[in-house]
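Note sheet for the following structure.
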Amino acid sequence: MHAIMLKAKLHRAEVTHAVLDYEGSCAIDGDWLDLSGIREYEQIQIYNIDNGERFTTYAIRAENGSKMISVNGAAAHKAKVGDRVIICAYAHYSEAELASHKPRMLYMAPGNQLSHTSEAIPIQVA
């Protein structure tokens with residue numbers, strides 16, 4: 001059996017660019033791609049915290065250290081500069097891989113400053 005699991009997440013990143021007339025994709029600071037394990041051209045899901053939009057695109061590399069999140073092409077209709085987004089990548093894992101799987105999560109502070117990283121989401125309490 002295989003399961004689709006969260007592979008990586010950038011939590012509360014701010015959109016820095018929304019470029020309608022650009023080949024579709026989402027440009028992400030190359031340092032964050034490396035740290036999260038998201039690969040260039042990998043399918044990603046983007047969840048817009050500010051307007052509720054959810055959409056699929058693929059990641060491309062932005063300049064290392066740029067703090068860039070650029071939503072491009074038709075997806076630029078779904079996010080504007082300043083919107084806070086969650087960017088997720090998922091992968092298929094075998095039963096054997098599930099035993100040791102831990103997602104890589106990057107948590108962003110205002111201004112796209114990396115706050116911290118984690119491999120687990122805290123248990124939600126009432």
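Heads up, the Cβ atoms here are built off N, Cα and C, so glycines get one too.
As recorded in Swiss-Prot:
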type     : residues           : note
ACT_SITE : S25                : active site, schiff-base intermediate with substrate
MOD_RES  : S25                : pyruvic acid (Ser)
BINDING  : T57, G73, A74, A75 : substrate binding site
ACT_SITE : Y58                : active site, proton donor
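Structure with Swiss-Prot features highlighted.
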residue : record                                               : Cβ contacts under 8 Å, 6 or more apart
S25     : active site, schiff-base intermediate with substrate : T57, Y58, A59, I60, N72, G73
A74     : substrate binding site                               : L20, G24
A75     : substrate binding site                               : G24, C26, I46, F55, T57
Env. residues of substrate site, Cβ within 8 Å of mean position of T57, G73, A74, A75 Cβ: G24, S25, C26, F55, V71, N72, A76, H77, K78
Taking residues T57, G73, A74, A75, which bind substrate in the record, the widest Cα spacing (Å, whole number): 10
Around the Cβ of Y58 (active site, proton donor), the count of other Cβ atoms that are within 10 Å: 15
Per DSSP, three-state class assigned to A74 (substrate binding site): helix
